[in-house]
């Protein structure tokens, strides 16, 4: 495996006796980004994705990526249970994987020491996949197979690991958070005192419910969490003039430079980032979101290099260059350049400039600059060679 | 990941996140593709997985040590471009991935019995300059 160790992957389980955890881990990952669910939300068709992933999908296509049912971002609902599953799994993952990997290595070492029993390497996997996964049975078998003391040691650690996560009274899913002494809701340390006022004002609203145990506390807290940040509503970009849109962006406190299409894309991305953040248990600050928007700007927005429609780059010479998209995204540029050229050259030469506007860069191939620029790409492109 | 791919699919190149190459084989006894391995090129835009990757078969010369040809198929042009709704903007879904695309192509080849290129192959190969995902294929044939 040349995968860097900091990138986790469900297939890491496959090499270990706990190979059945691979599908479990896959189920805890978003089908779009393949990462663990981050602020999972559920669609009207009951599929779960990261909030930001499904928002980006819906603003691109308006359909659920899993089943193609039409859906709207307004109908997305948080899926806290999944978030808790992911948090708990991620907390347990390093130690379980470590334990399981060590067990696998140990089995290999023993195999080298005792090459008689060929079944051993296969046995754990077979056990796990073909019969019901009963670790006890496998353990009994392996104990029977390898009575070495090392093996006993490894086996004996199994209950220990489980105990670690179950018996801990102060179960803390997120680092750096402390529990409210009254309702057990997890929060930043500095937020506890102001939070306590809530209980003073309405002491009966949050009675400690110990019957569920400390593990249930986070969910209760989530339900009670204060007023969420206000969501940004969607805009119908087609009815909004460029200047109005530009103003909207500056009102939101995000960059407002670039052509209208870029303003539109930036607003959509900001809306998605913002509204996904509203689904978060621990919302990020606006500054962090602005940093994320800045990353978007550099990778997919106006500062992106490579095949972005907003950026002048050498991709116009590629054979797969999309002239239609180019001409629409640069429509304003073309118009402005034509206007400038007309102004300079005067009425006499105007007809000529119409057929040869100066493009933003030396891309052309006169055919692209012809007035029929808005017609179908088939007729326009002839950039062969 | 390369250790756990489905049978008949192998990763050839994946050093960066822009272009990958995969080898696929048809696993049954379809005489059209028997004992052949085909090379696929995946090109990912920075909008992947919202937008589909561009996927096409590529040829490799004998001298590379891994000779690869373009499989014959009524939906695969002789320049390697594949007519599959999954790879177009309309059929794509962000839940697809490299593995699922490879499996779809395996089954697309397996199911084929016609030893022919698409209609208008020569003309298409000579004139097409569009991006793969912008080609408006008509997916009228559900049998292949």
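Just so it is clear, glycine is given a Cβ too, placed from its N, Cα and C backbone atoms.
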For the region 'Disordered' entry in TrEMBL, name the matching range from A:64-107, A:108-151, A:152-195.
A:108-151
Pick from A:304-344, A:345-385: which range has region 'Disordered' per TrEMBL?
A:345-385
Going by DSSP, how much of the domain 'RING-type' (A:30-68) is helix, how much is strand and how much is coil, in residues?
11 helix, 8 strand, 20 coil
Over the span of the domain 'RING-type' (A:30-68), how high is the average pLDDT in this prediction?
95
